[in-house]
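Encoded as structure tokens, the structure appears first; notes follow it.
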């Protein structure tokens, strides 16, 4: 894990990664289950019960079942990862996460031969999630990765930020973080992980396949139909913040480009 | 209603201009001082845009309010229209100067992104309306003035569609704005006669 932490730091060597503030990271969120406004999650997510919490791991695994959050924490080693976070809406942050590699959790459950994809699901509990009163998306929120993406050492399940447990609005108690993909791939408050041999349906892709592909890798050369992805605005610069160029794979090209060798990234966007 | 109309008669138009324009510098100040959250550029852009839409809806509502409810806000209609244009201008300036910043990207956005093309279209339609808002223009243009100012309807539809199209997912708020605009236009289309009868006013 130490080597991989160095790897993660190297990825940001071209520009020192200075994390955003606690206030920025925890007050400006997209978590549509609590409303579509950026401030809605921090205002309403407090009512989400995160204890007890368990994650169902099922599908093509040797040890399917309900894994309690405590049980998972007991098996995993937490480490810090400071990652760029690039939203599909063309804003970005730098977040100091704490978490463990998703690969370790998948290995714990025992990935079976033939599994090719990992599907994830967010908690869907209307009584605690006012945003789900409207069908902004087809709840529950779903995401997915190819197995090799899921097993990549940069892919983590985060349980904290800034050394604190994840606040609810950031996806407590545990969420996915895939730093080279647009933020919506990093699904929050995960309750189910399913190993499968089929590409799983994912929420934004279902809502608008023209705009949100299954891969959704950060790519300055492939624009969103409604806006350019060539540049981004780092949160925290105030009213006169300048835009900065968006990096290929969000700056993790050296680590992940090989996963997509031979693929036309404008087709598999 | 007579009482309300009396109050309205006493309220000077300049006060409406002043009150209506105040949110612009106030929101800018909030953006500077953290009052609009950690991403003040988008927040300011949206606030100005929403105020413009609200004023547009108010402008469209003034004639049906008088016809159907007898509430006479006619003397404020020009103020509402001009304030709307003022907020559209603020919205556009924030987008150009603070948000997109890059000239080549601005041009690409206008040409390639339908919701921006539509928003710019609404702005262009509003230009002649703002320019012909003086008493002199009303006098000089005569009947043509009324015809020209029906462009408001098109601008309203484009403005509301712009909001619907820029939203991610199936969001309710922009649809409410579009619904109100379409409702107010439908009131005009349906013809005033049966509506007047239905409301029992001025038969």
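Cβ coordinates are placed from backbone N, Cα and C, and glycine is handled just like the others.
On a predicted model such as this, the values are computed, not experimentally measured, just so you know.
Noted in TrEMBL for the protein shown:
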DOMAIN    B:49-159  domain 'Ferric oxidoreductase'
TRANSMEM  B:12-31  transmembrane segment
TRANSMEM  B:51-69  transmembrane segment
TRANSMEM  B:81-103  transmembrane segment
TRANSMEM  B:115-138  transmembrane segment
TRANSMEM  B:150-166  transmembrane segment
TRANSMEM  B:172-190  transmembrane segment
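For the transmembrane segment (B:115-138), the partner stretch with the most Cβ pairs below 8 Å, chosen from B:12-31, B:51-69, B:81-103, B:150-166, is B:150-166. Mapped onto DSSP helix, strand and coil, the domain 'Ferric oxidoreductase' (B:49-159) counts 98 helix, 0 strand, 13 coil. By number of Cβ pairs under 8 Å, the transmembrane segment (B:81-103) is matched best by B:51-69 from the list B:12-31, B:51-69, B:172-190. Sequence-distant neighbours of the transmembrane segment (B:172-190) (same chain, 6+ residues past either end, Cβ-Cβ under 8 Å): 53, 56-57, 60-61, 63-64, 68, 153, 156-157, 159-161, 163-164, 166. Each residue in the domain 'Ferric oxidoreductase' (B:49-159) has a pLDDT score, and their mean in this model is 94.
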